[in-house]
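Trainee: Would you mind keeping the following structure in view while I ask a few things?
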Amino acid sequence: MMIHGFQSSHQDFSFGPWKLTASKTHIMKSADVEKLADELHMPSLPEMMFGDNVLRIQHGSGFGIEFNATDALRCVNNYQGMLKVACAEEWQESRTEGEHSKEVIKPYDWTYTTDYKGTLLGESLKLKVVPTTDHIDTEKLKAREQIKFFEEVLLFEDELHDHGVSSLSVKIRVMPSSFFLLLRFFLRIDGVLIRMNDTRLYHEADKTYMLREYTSRESKIANLMHVPPSLFTEPNEISQYLPIKEAVCEKLVFPERIDPNPVDSQSTPSE
C-alpha cells in the first residue's frame, strides 16, 4: 500500500515539444463522489478517490495522453460476471448503510477492476492507435541514465472493507532522450485472488510515436502456495508469479501534419 501524504502539488516538466504535468491534491468531497457515482451508475466509488489527480503528457500542438481516475472507472465492467467471494456480500452491505440502505443495489464490479490505458487528448489532432508487434526495449530501460524528472500519482485506492486492496496509480520517469510511464491497477483479495493490469508507455525523442504495452496478470491465491505470502503485498515482486491473461502492444502514432519538434525547449522542471 502506498503512504499518503495528501499534500497538494503541481509540477510541469518540458521534454522537447512535450509538456509533462503531474497534479496531486486531496480526495474528492463526499458530495462530488455521490454525483460521480450516479453518473457512472455505480453504488459507490473507491474509499480514496482522487478525482482531480492527473498525469498528462501533451505535445505543443495539443495532442497527447493523460491518466485520471474518472476515465479509469468508466472502463470498469459492471455487467460481466462478478467475483463470487466470501467477503463480497459483507462488503456490499457495509457500503449500503445509511441514507441509501433501502435502495436496490445493482450488480457492479466492487473490485473496481479497470483495463484503462489512458485518455487521448486533442480535437483535430490526436494520436493514432495502431497495433504492432514491436515491444518496449527493456534493456534500454535498464541502462544507467540520469533521471531528469520523476513523479508518481495515486488515482484511487480502496481496502475492500479490510479484505485486501484495489488501487490505481501512475508514475513517470524522464531520461535525457526518452520517457517511460507505468500505469498500474493492483487488486488483492485476501485468500482469494491477485490481479494486476499494467500499461507501459515509452517514447524516444527521435521517434514519431510512443509504444504502449498493456498486460493483464492474474492468479488465485490457491495457486500461489509456493510463493512467500509476504510478496502478496508487493506488486513489483509478485508480478513474476502471475500468469499473463492478456497482452496488447500498440503504437501511438503522432499526427502527420505536425513538426515533431515545434519548439526548442529545454528539459527543465517548474513548480
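Cβ coordinates come from backbone N, Cα and C, glycine included.
Annotation source Swiss-Prot lists N6-acetyllysine at Lys106, citing similarity to another entry. According to Swiss-Prot, the phosphoserine annotation covers Ser265, Ser270, on the basis of similarity to another entry. What Swiss-Prot lists as region 'Interaction with PPP2CA' is 173-271.
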Trainee: Can you tell me how the residues of the region 'Interaction with PPP2CA' (173-271) break down into helix, strand and coil by DSSP?
Mentor: 16 helix, 50 strand, 33 coil
Trainee: Can you give the mean pLDDT for the region 'Interaction with PPP2CA' (173-271), rounded to a whole number?
Mentor: 90
